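Here is the structure we will look at.
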Amino acid sequence: MNAFEVTGSRKLKGEIHPQGAKNEALQVISAVLLTEEEVVIKNIPDILDVSRLITLLEALGVKIKQLNKHTYSFKSEDVNTDFLYSEDFRKKGGALRGSIMIAGPMLARFKKAVIAKPGGDKIGRRGMDTHVDGFEKLGAHFTYNTHTFCLEFTTKALKGNYIMLDEPSVTGTANVLMAAVLAKGNTTIYNAACEPYVQQLCKMLNRMGAKISGIASNMLEVEGVEGLHGTEHTLLPDMIEIGSFIGMAALTQSDITIKNVSLENLGVIPDKFKRLGIEMEFRNDDIYIPEQKCYEIQPPLNGNILTIYDHPWPGFTPDLLSIVLVTAIQARGSVLIHQKMFESRLFFTDTLIDMGAKIILCDPHRATVIGLEREHHLKGIRMSSPDIRAGVALLIAAMSAEGKSIIQNIEQIQRGYENIEQRLNALGAEIKLIND
Ligand SMILES: CC(=O)N[C@H]1[C@@H](OP(=O)(O)OP(=O)(O)OC[C@H]2O[C@@H](n3ccc(=O)[nH]c3=O)[C@H](O)[C@@H]2O)O[C@H](CO)[C@@H](O)[C@@H]1O
Ligand SMILES: C=C(OP(=O)(O)O)C(=O)O
């Protein structure tokens with residue numbers, strides 16, 4: 001099995017370019033099913049989750065051409081809907097969470113959709129109710145197939161409706177939106193997620209001829225249209241990767257510039273890292289992080305311990321809390337990390353404690369980090385990556401630690417970070433891909 005061997009205590013220096021956004025890629029690649037015309041998507045990251053979705057679309061009959069390393073052309077002219085009911089579909093769809101977003105386009109264009117038991121991170125309960133409720137409100141008939149464990153949908157014709165989502169699910173909003181754009185009449189999606197991923201999807205759909213307003217708000221208004229046409233779309237840089245690099249720079253005492261970050265789409269992300277005392281300079285659209293021996297957590301005005309918690313956008317994304325947590329290990333001061341959305345994302349703190357971090361896991365949702373102020377170094381150990389973001393947090397910890405670490409189960413990291421070892425080694429890291 002592939003693993004990373006990491007030699008720690010290496011400071012990084014230089015420039016790094018973030019990849020295209022993984023979670024946006026999974027939405028907009030699913031959207032190519034909404035038209036028979038050609039859709040060209042640029043800045044697609046070369047990561048496992050994307051190649052798994054591309055393989056799934058190819059198996060459905062979509063003609064896909066790689067135009068260059070990060071640009072693909074998609075043409076969904078001959079889609080084989082029988083494939084949805086095959087064992088192969090269940091296997092391919094079950095390999096990633098993002099595959100659930102082909103359901104909205106399939107339902108809209110072909111009047112049938114199947115959602116295989118999805119893969120993705122094992123980070124606690126991850127519901128599908130928002131997707132099912134939304135499709136039903138648009139007029140889909142839903143059955144749960146007890147033999148295949150799949151969610152199956154059919155419709156004679158989707159009809160616009162007022163839909164109040166039970167929670168602002170990111171993939172749920174994207175799925176219901178993609179179904180609504182081809183429904184007859186008007187749809188309102190209230191309590192919608194409005195992450196940059198969803199905003200980008202809306203803009204792409206409008207370029208294809210959809211009529212969506214309310215973009216970036218929690219109320220999307222959709223005027224159904226008869227059909228959509230082809231377009232070209234460029235993915236935003238991956239804000240989670242950018243946040244990961246900020247945390248990595250601070251913990252490893254590095255001096256790096258993160259290029260072309262699309263600052264206007266980062267929301268509160270830079271500010272949360274600044275609350276940990278991390279200095280950064282915005283130079284045009286780049287973020288420069290100078291080498292810092294010491295960074296001091298900024299408590300709130302009343303002097304209490306700082307809490308950093310997740311919240312639907314424009315709140316702080318849950319996908320960066322593991323990174324904030326690991327970054328705080330060498331800070332001066334203490335912080336409470338409160339992961340509200342997922343109940344199994346903080347158990348990796350046990351590994352950090354083994355490495356020498358001062359962390360109290362208060363309960364599955366909350367962990368207090370007491371900064372070591374670089375008075376003690378973490379020690380390299382053998383560990384395993386439990387999920388994508390904890391995996392990168394462990395990689396950052398290993399890069400800052402004394403001695404060697406082995407990180408197993410790195411497929412979890414590779415599904416969301418492109419060639420991470422090569423890109424970091426180019427800045428001075430020492431990460432080897434090994435068979436362990
Ligand atoms: C492929 C993809 O795009 N995955 C992202 C997507 O997953 P995904 O779309 O699957 O996650 P959802 O947004 O549906 O919800 C995540 C979990 O949080 C809960 N929940 C959701 C909203 C809310 O306001 N309160 C709340 O507690 C839900 O019950 C669920 O258990 O969004 C998550 C939340 O940003 C991210 O972690 C994932 O990286
Ligand atoms: C949880 C994540 O991904 P997924 O939804 O694909 O499991 C993530 O990207 O942090």
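Cβ atoms are placed via backbone N, Cα and C, with glycine included.
Whatever TrEMBL says is automated annotation, not expert-curated.
Feature annotations, courtesy of TrEMBL:
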- D121: active site, proton donor (ACT_SITE)
- K22, N23: phosphoenolpyruvate binding site (BINDING)
- R97, D319, M341: UDP-N-acetyl-alpha-D-glucosamine binding site (BINDING)
- 6-424: domain 'Enolpyruvate transferase' (DOMAIN)
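Closeness to ligand 1 is met by N23, M341, these being the recorded positions among N23, D121, M341 whose Cβ falls under 6 Å from the molecule. Cβ neighbour count for D319 (UDP-N-acetyl-alpha-D-glucosamine binding site): 24 (other Cβ atoms within 10 Å of its Cβ, all protein chains included). Least packed by the Cβ count within 10 Å, out of the binding-site residues K22, R97, is R97. The recorded positions shown are D121, D319, M341; of these, the one with its CA atom nearest the CA of N23 (phosphoenolpyruvate binding site) is D319.
Other residues of the chain with a Cβ within 8 Å of the Cβ centroid of R97, D319, M341, the UDP-N-acetyl-alpha-D-glucosamine site, are G120, D121, I123, R126, V170, P318, F342. Checking the binding-site residues (K22, R97, D319, M341) against D121 (active site, proton donor) with a 10 Å Cα-Cα cut-off leaves R97. Residues R97, D319, M341 are recorded as binding UDP-N-acetyl-alpha-D-glucosamine; their most distant pair of Cα atoms lies 16 Å apart. Long-range C-beta contacts of M341 (UDP-N-acetyl-alpha-D-glucosamine binding site), restricted to its own chain and to partners at least six residues apart, with a cutoff below 8 Å, comprise D310, P318.
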